[in-house]
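Working notes, structure below.
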Amino acid sequence: MAVRYVQSCRLPTPFGVFDMHGFEEPDTGKEHIALTLGSLEGDEPVLARTHSECLTGDALYSMRCDCGYQLEEALRSIAREGRGILMYLRQEGRGIGLLNKIRAYHLQDQGADTVEANEQLGFAADLRDYTMCKDMLDHLGIGRLKLMTNNPRKVNALRGLGIDVVERVALHVGRNPHNENYLATKQSKLGHWLETHQDDEA
Ligand SMILES: Nc1nc2c(ncn2[C@@H]2O[C@H](COP(=O)(O)OP(=O)(O)OP(=O)(O)O)[C@@H](O)[C@H]2O)c(=O)[nH]1
Ligand SMILES: [Zn+2]
């Protein structure tokens with residue numbers, strides 16, 4: 001077991017009133033949450049987002065990345081659908097942590113791309129592990145997902161954990177002059193599906 005369930009409460013947002021479920025990694029003390037909306041029972045796939053923490057984008061309006069825009073769009077889409085889940089995973093900076101992300105951004109300010117910056121700091125490009133998602137989904141009784149992501153590694157990682165990703169929903173929002181290079185590197189080096197047309201690779 002990667003995480004254990006702790007407690008749930010209501011979470012009113014501008015998009016709708018979600019239920020917030022708290023989970024804890026016993027080994028590390030790391031805390032993760034899931035926001036759910038509507039009835040999740042039954043075989044009908046659930047609209048889902050696994051969102052990795054990005055303090056700068058999610059809370060501080062940073063335009064260096066697309067995270068904050070994706071978070072808002074995912075919550076809006078779930079509210080529109082009336083049913084869904086957003087797992088908010090505490091794996092800041094693709095797993096290197098906030099202060100290392102600032103170190104990486106400093107290198108990027110001097111010309112490195114997002115992958116080179118991680119490597120110059122001695123980290124792999126992406127250190128994330130999604131094992132906690134399986135426990136969270138099992139706890140909530142969710143088996144089948146329509147996953148909002150542009151990241152093929154995320155789809156593969158979840159499928160590798162036995163999670164049935166039946167559909168991949170593109171999440172193309174927030175492109176701006178400050179994240180143009182970052183998005184280009186995600187596409188060329190990390191393999192993200194970022195074409196503007198509706199693609200259906202997954
Ligand atoms: N190390 C590092 N992490 C970053 C950088 N920019 C954003 N992040 C982190 O990257 C994570 C989001 O990863 P993305 O690749 O944008 O998105 P994803 O979640 O893998 O893919 P999508 O589902 O398509 O959004 C968050 O944890 C951010 O904090 C960066 O330049 N360097
Ligand atoms: Zn971000």
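Backbone N, Cα and C atoms are what each Cβ position is placed from, and that goes for glycine too.
All TrEMBL annotations are machine predictions without curation.
GTP binds Arg49, Thr50, His51, Ser52, Glu53, Glu92, Gly93, Arg94, Thr114, Thr149, Lys154 as TrEMBL records it, and from the list Gln70, Gln187 the residue named for this site is Gln70.
The binding-site residues near Asp126 (active site, proton acceptor), taking a 10 angstroms Cα-Cα threshold over the set His51, Cys54, Arg94, are Arg94. Between the binding-site residues Arg49, His51, Arg49 has the most other Cβ atoms inside 10 Å of its own Cβ, all protein chains included. Residues Cys54, Cys65, Cys67, taken from the recorded positions Cys54, Cys65, Cys67, Glu92, Arg94, Asp126, are distinguished by a CB atom under 6 angstroms from ligand 2. The DSSP secondary structure for Glu92 (GTP binding site) is helix.
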